[in-house]
C-alpha cells in the first residue's frame, strides 16, 4: 500500500517508550518453504479490528480435500495446527512475550494477528511486515515514523517493535469494536448528533496530527475503528502506511501521488504540490457518506470519477438529504471545496456551528433507515458487478483494494487533458 516512492528512514522514538530489538540473528534451524514463501496474497492491510464477525473474511482458507499421500495429523485439530503454523513464522523473542491467538488480517507483504501478553493477558494486535520487499519496507518506515511520535486517544497506539533482518513486528492496540459503518448498520438509530460525535473524535485526532506536521493521506471509513463494542467507545484512526511526517511546524508541500480514488483531493489528481488540506477533503467525503450512506463522487470509470472530483460537483438529492439540516450541508460544503486554501482546517471544522451544537441543537431525526438502505443497496450493486459474495458486507460499499488505488498512468493522462483544456 505504498505510494511508490522512497521514504526516509524512521525517526528514533520520541513520545512512546519502545522495546526495540535492533537486530535478531537468523534462525539457526532449517526454514521450511512455508516460512520462506510466506506472503502470497495481493493486497496490503493496515491495523485491523478483531472480534467482529466481518473479520472472518481474513481467516485462513479452509483446507481442501487431502492430496494423495497426505493426511492431517489426527492428534492436532485444524485450528490448533493453523495457529501453530503462524506462530512458527514469528521471531522467538516475540513468541516468548506474546501468545499468538489468531490471524485477523493479511496482505501481500504483511500479516496481522491477535495476540495475548503472556504476563498480563492483555490482548494486542501484531502487524508483521516483510521488509525485504520494497513496498513493505516503505509502508513500515512510514508507519513507524508516525506511530513513534504520536500519543492521542483517537489514534492507534504503538506499544513496542521487534525487528529482524527481513521482518518488523509492530505490537499495537487491538480495536475490537468494528468498523464505523458496520456499527451504524447494527445500531438501528443514527442521528446528526451521532454523526457530529463521530466527526468530533476524528477531527480532534486529525488536528493533533496536523499540529505535528503529519498528514494521513488515506483517511476513509475502513481506517476509522471503534475501540471496543460498547456504546461509549471512542473512534481511533488507523493505517498510516501512506502518511507523510514532517517536522513540527514545517509547511513544506508534498508531491507524492497516493490515496484512494473516491477520497482523493482535486489538487492531488492534477499532481500539484499539496498540503495537509487533502485530509480535510477526505473528511468531507466521509461526512457526506456518514449522513447519507452514499458517495459524493462515484463512477466505475476512473476517468469520469476523477472529472467529478475536479469539478467538485455533488448533489444533496434523494433520501435522507431532505431530513438533513442546512448546517450539516454547510459543514460538508466547506470541506468539499476544490480550492484547498478555502477548505476548513481541522481546528476550524471542530469550531463549526454544526459540530459545536453536538450536545444541544443538532437534528435528532433518525436517519438510520435511509443510510442503511443506501449502504446495502450500493453493496449489493458492487456485489453483482464483482460477483463476490464478500461484497455484501455493509462497509464494503466504502472499501477499496489494491486495484482501486490511484494509478500514476491514469493521472498522467488526466493531467495532460487538464493542462490542454486549461491552456486552450
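Note: Cβ is positioned from N, Cα and C throughout, glycine not excepted.
Per Swiss-Prot, active site, proton acceptor is recorded for 218, and the stated evidence type is sequence analysis. According to Swiss-Prot, the ATP binding site annotation covers 104, 105, 106, 107, 108, 109, 110, 111, 112, 127. According to Swiss-Prot, the feature compositional bias 'Low complexity' maps to 385-398. If you look up Swiss-Prot, you'll see 98-355 marked as domain 'Protein kinase', on the strength of sequence analysis. Here Swiss-Prot flags 56-80, 378-407 as region 'Disordered'.
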Could you work out which of the binding-site residues (108, 110) has its C-beta surrounded by the smallest number of other C-beta atoms within 10 A?
108
For residue 106 (ATP binding site), what is the tally of other C-beta atoms lying within 10 angstroms of its C-beta?
23
List the Cα distance (Å, whole number) between residue 112 (ATP binding site) and the residue listed as 'active site, proton acceptor'.
19
Whose Cβ, among the binding-site residues 104, 112, has more other Cβ atoms within 10 Å than any of the rest?
112
The domain 'Protein kinase' (98-355): mean pLDDT?
92
Look up residue 110 (ATP binding site) in the DSSP assignment and report helix, strand or coil.
strand
Number of other Cβ atoms within 10 Å of the Cβ of the residue listed as 'active site, proton acceptor' across all protein chains:
25
State the Cα to Cα distance, in Å, between residue 218 (active site, proton acceptor) and residue 110 (ATP binding site), rounded to an integer.
18
Pairwise Cα distance maximum in Å, ATP-binding residues per record: 104, 105, 106, 107, 108, 109, 110, 111, 112, 127:
15
When DSSP states are folded down to helix, strand and coil, where does residue 218 (active site, proton acceptor) land?
coil
